Structure formats: structure tokens, C-alpha cells
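Worksheet: the structure to be examined is printed underneath.
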Ligand code: NAD
Ligand code: IPM
Ligand code: MN
């Protein structure tokens, strides 16, 4: 199992550092894995002049899976768009054809009182957001900022092909089939043609899954329903941009954005695994970041890319035990608990592994 580790920027190295310690512990335990570091994002701009250098491209192509921290920093805000750290992440997703982004929002019972919502609204929460990751307004052409008739005009294109919608719908229906059998597709078909096609194609794909109960919801309502009654959802499937926004929203139901892992998969389970949060420049380098989303991302890696379900569960179990023992980074801290830094949280997970 060859794993490319792209720590990235900001808190990236701190959080992937803890995940790597877990992987190394599993290796000493007999798991055959190799870790290969690489540069992506702002650190790659600094070292090689571009966010996704050729050497990193080769590394991730050859690897069986990729572990990513986060990219980006206000430091690069003045750069031309193609040099921005985020372009590295978008390019890697496109290059590896990682169209299916799975973002599970699970509330650990110990964190019920840390959620921004009342414990009874979030208790036992277990939602899976399936976000399409290589299309939509993120990649649509034409795009740009131009001068037209004496003023600047900014424009992007929201676009999905039938094939793109169909393949992500299959991923979502299959996930729903293995869970509670409910799928909610989120769109904005009352205004946007692109998402009318989304709704039509998801409905057509649904005919192949009579055992899954399909519903549709407009995105503004979905954003509201997620905080009104999140447990009505089992699996949510949506496009790239709506999925980005709704998953950050859903993360707070679980206590913190520092708790949400993700898997970005192609059609053969080659995957990139990363927390859903960013590089958190406000807390970078201070040993404050919560590494659990990244640690839970390696559990997803072992499950999806390496079919090591037992090891994945061992990691998830260790995280559960650490929370039960009261270890809390600042983002999930409440009085009476043991406040720890990034590294100590890693220590605690290792001790429970
Ligand atoms: P962010 O997710 O980095 O941070 C938002 C807030 O959440 C901050 O207050 C931060 O301190 C907190 N936070 C995030 N992760 C945390 C963790 N593990 N533990 C504790 N607190 C945590 O979002 P932002 O501030 O909008 O973006 C910062 C930079 O990250 C930008 O350059 C953005 O483009 C980039 N970004 C990258 C990714 C990625 O690499 N996948 C994702 C989102 C944002
Ligand atoms: C994410 C991030 C990225 C996205 C950015 C950094 C390109 O917000 O992974 O959720 O919008 O997909
Ligand atoms: Mn995001």
C-alpha cells in the first residue's frame, strides 16, 4: 500500500503528522504500507513555483492512495488564479478523476453537548453527504473577469453532463442501499437549468434502485432542514458547490469541522483522503488544530482503498475511546474535560489503538 502524503499548508503538517504516526504504528503492527511525502499547494508554490508540480503529479499517479492535510493561506491571495494553492487541490482531483466525495457527518455521543444544536436534535446523527467533485461551476467554461462596456464583469459557468450526474447518482444510490435506504438529492431546479437536468437524471437513475427511497429538495430548504431536523437525512447527493457548503454546515452538527473526514474516489477506489476543513491559518503552528478529522480520514482510506475494514474500525474505535476518556482539543472543549493540543490528541489515539 503506497500512500502519498501531501501535508500542504497551515495546520496541514500538524494534522497529517498525527495521522502518519497512526499509520506508522499500524505498519509496525504488520500492515504493509509505505509513506511518500510530496508537495501540494502553497508549500509547492514556494518550493517549485506552482501548486501542483510535475513531481507531485507523478507521485500521486503511482500511489495507491493519497493523504492530504489542507492547502491555502492568505499569503497567496495576491497570486494569479492558476498559481493559487487551491488550484493544486482542484487539479489533483481532476487528474485522478476523483468525482465522488464522501463526507460522513457522524455525531459521537460524547460530543452531543458541543454541537451548536440542542443535543436532542443531533443525538445519533449519521448522515452521508455524497458531493460530486470534478464538475459544476468549479470547472465550467467559460469563466473569468473581463472588461465589457467600460466595467468589469465576473462570470462562471455551472455545467453538468448527463454522464457526470449519472455516475455520482449511482455512487449515492449504492451507498443509500447499504445504509437506511433513503437518498435526498439537493438541487436548485426552480431557478437553474443545470440542476433541472440534475434532478431529471437522478430520478431516471433511481429507477434502477427501487429499494431506495428517493426524495428531492431545493438547496435553500436543505440548508434550513439540516439545522431544523438533520436526522431526517440518511444520504444526501448534490453537486460540487452545494456539497461544499452543506458539508461545512453539517460538520457543526457533529461538534466541529475538525471532526469531519472525507474520501474522494474514482471509479476504481483509488482515493484521496482529507479532512473537509481548510488550512485554518488562524490557528496554524500553535498545536491547537483537531487532528481527528484527518485520523478518521485514514480510517476511510483503509476501508475504501485497501479493503482493511477491521483496521479502519480499530482507528474509529480508538477515536471513540479517546473522546470517552475526555480528551478534547479547543474546538470541542467543554469545562470538565481534558484540554489537549494536536500532538497530545495524537498520543491519546495511539495509546488507544
Ligand atoms: P478553514 O476550514 O481553514 O477554517 C475555518 C475555521 O475553522 C477557522 O476558524 C479554523 O480555525 C477552524 N478550523 C478548521 N479546521 C480546524 C481543526 N482541524 N481544528 C480546529 N479548528 C479548525 O476555512 P477558511 O478559513 O475559510 O480557509 C482557510 C484556507 O484554507 C483558505 O486558503 C481556503 O482556500 C483553504 N481551504 C482548503 C481546504 C482544503 O485543503 N481541502 C478546504 C477548505 C479551505
Ligand atoms: C474543500 C475546499 C475546496 C473546495 C477548496 C479549497 C478548493 O473548500 O475541500 O471543501 O471548495 O472543494
Ligand atoms: Mn470546503
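Backbone N, Cα and C define each Cβ position, glycine as well.
Those TrEMBL annotations? Automatic predictions, nothing curated.
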Residue in 58, 81, 131, 199 which TrEMBL records at the substrate site where 93, 103, 220 also bind: 131
Residue among recorded positions 93, 103, 188, 244, 248 with Cα closest to the Cα of residue 288 (NAD(+) binding site): 248
Sequence-ordered recorded positions from 138, 278, 290 with Cβ under 6 Å of an atom of ligand 1: 278, 290
Helix, strand or coil at residue 220 (substrate binding site) [DSSP, three-state]: helix
Recorded positions whose CB lies under 6 angstroms from ligand 2, from 131, 138, 244, 282, 290: 244
